[in-house]
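Feature annotations, courtesy of TrEMBL:
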BINDING   Arg31, Glu88, Arg127, Lys435  (6S)-5-formyl-5,6,7,8-tetrahydrofolate binding site
BINDING   234-239, 253-259, 278-281  GTP binding site
BINDING   Ser238, Thr259  Mg(2+) binding site
DOMAIN    14-127  domain 'GTP-binding protein TrmE N-terminal'
DOMAIN    130-432  domain 'MnmE helical'
DOMAIN    226-317  domain 'G'
Amino acid sequence: MTVKTQIADGPGDTIFALSTASGRAGVAVMRLSGPQARSVAASLTDDRPLAARKAVLRTLRHKGERIDEALVLLFPAPHSFTGETVVELQCHGSQAVIEAVSTALLQHGLRQARPGEFTRRAVENGRMDMTEAEGLIDLIDAQTDGQRRQALRQMDGRLKGLYEDWRSGLLDALAQVEGEIDFADEGDVPDALSHAARPHLDRVIVGMEAALIQADRGRAVRTGIEIAIIGAPNAGKSTLLNQIVGRDVAITSPHAGTTRDIVEAHMVIAGLPVTFSDTAGLRDTTDAIEAEGVRRARARAEQAHLRILLQREPAIDTHLQDGDIVLKNVEGPVKKNEINALTGNGLDDLMDRLTMIVSTRFTGTESASLTRARHVDCARRALTATQSARTHLGVAPELVSEDIRAALRAIDELAGRADIEEVFDRIFSQFCVGK
Ligand SMILES: Nc1nc2c(ncn2[C@@H]2O[C@H](COP(=O)(O)OP(=O)(O)OP(=O)(O)O)[C@@H](O)[C@H]2O)c(=O)[nH]1
Ligand SMILES: [Mg+2]
């Protein structure tokens, strides 16, 4: 069955890119998108008809010469990834085939896609919103299970659902406000306004605040969790790092002040990427190099999601935040909150505790929706504007609708509806070519 009608293709030119990784492989997928995709695919395949969404085996030919045998798949607009007509050529994955196909496509007037251009077209054609597109990048980049799950939820429109809810609450409030301004008796306006719009604004504010509280967690899942090992010189920090990762990554010695540079080691805990940092022992020192190490150690201690403070006589007690781990490095049998860094006695308990912390604090079932700095920035601006609307309700009604519109604009930006070229360029340049 062939599709008879060519459904509205956008004005853009037709692009192509290799969608699979380059290098030697069994199969390589070359993807074409745009108004010419179908006709160019037809002329490469002896003009035999292509049925929608049916894989067919065809000889690819250019200027009379056979290039390859390929599976050809046609997705007529608008039911495709980009919303334009898309053709996939599944050819053999050698450098020579890929080059010959690319040359043929270029000679047919197609253009090599820029990074993220397929997804950008999908967003521009309303096939997905910006946050779903970001979920897609995260899914492609996911290295652990936790990241994969969060990315899939984002791709399924989790954040979209949330901001659509905020938007509808704001629109309800706006409708009340504008209705009241039109009809109410001058004297009654402020009271009537606050009465009708307040519950909507309250609900939106509560939702935004809750999402922002969870945001650190969402970003931690994307970028990984940082755990800093801190303590006095000679506490056994480097010895502990080596035990945790089971490799000799950091130099240890009886000399106080051995570690200066931050030594990092990576692991996966509870499905999330975790980076442990071993840091210089914290003390005042006149040695300029060690002092720089201590400065870096303090900075890392402050930035990390979690600190393990290792104590050995004399114990120091510094840079701790809520929920951190304090461990005594002891000889012989270990009790709760103790470890023997040299023998590894107590290490299993520490790892259990870390697994528990990572899974409850960072991957809980109520996982985060705001997963990027960009999301947090838009949501904060929307929250500030909504709070301002609520403050103005009883006192300056003329400002309320202006505030609500500002909140709606911030949400549009979050959705990628604001269509600001610059924002689009920045986001899509993070994609790889072929996506
Ligand atoms: N007996 C014993 N020795 C330990 C223990 N932990 C570490 N040590 C020793 O103590 C010395 C200092 O250990 P490191 O791991 O280098 O200490 P650090 O905290 O990294 O020290 P700086 O890098 O100087 O801040 C080394 O000689 C270790 O072998 C322990 O639990 N028991
Ligand atoms: Mg050390």
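Here the Cβ of each residue, glycine as well, is placed from N, Cα and C on the backbone.
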(request) List those of the binding-site residues Asn234, Lys237, Ala256, Thr259 whose Cβ lies under 6 Å from any atom of ligand 2, in sequence order, or write none if there are none. (result) Lys237, Thr259
(request) Give me the Cα-Cα distance between Arg127 ((6S)-5-formyl-5,6,7,8-tetrahydrofolate binding site) and Ser253 (GTP binding site), rounded to a whole Å. (result) 59
(message) Spatial neighbours of Ser238 (Mg(2+) binding site) among the binding-site residues Glu88, Ser253, Ala256, Ala280, defined as Cα within 10 A: which are they?
(response) Ser253, Ala280
(message) Given the binding-site residues Arg31, Arg127, Asn234, Ser238, Ala256, Thr259, return the subset with CB under 6 A from an atom of ligand 1, ordered by sequence, or none if empty.
(response) Asn234, Ser238, Ala256, Thr259
(request) Between Lys435 ((6S)-5-formyl-5,6,7,8-tetrahydrofolate binding site) and Asn234 (GTP binding site), find the distance joining the two CA atoms and give it rounded to the nearest Å. (result) 50
(request) Could you work out which of the binding-site residues (Ala256, Ala280) has its C-beta surrounded by the smallest number of other C-beta atoms within 10 A? (result) Ala256
(request) Just name the most isolated of the binding-site residues Arg31, Arg127, Lys237, going by other Cβ atoms within 10 Å of its Cβ. (result) Arg127
(message) Under a three-state reading of DSSP, tell me whether Ala280 (GTP binding site) is helix, strand or coil.
(response) coil
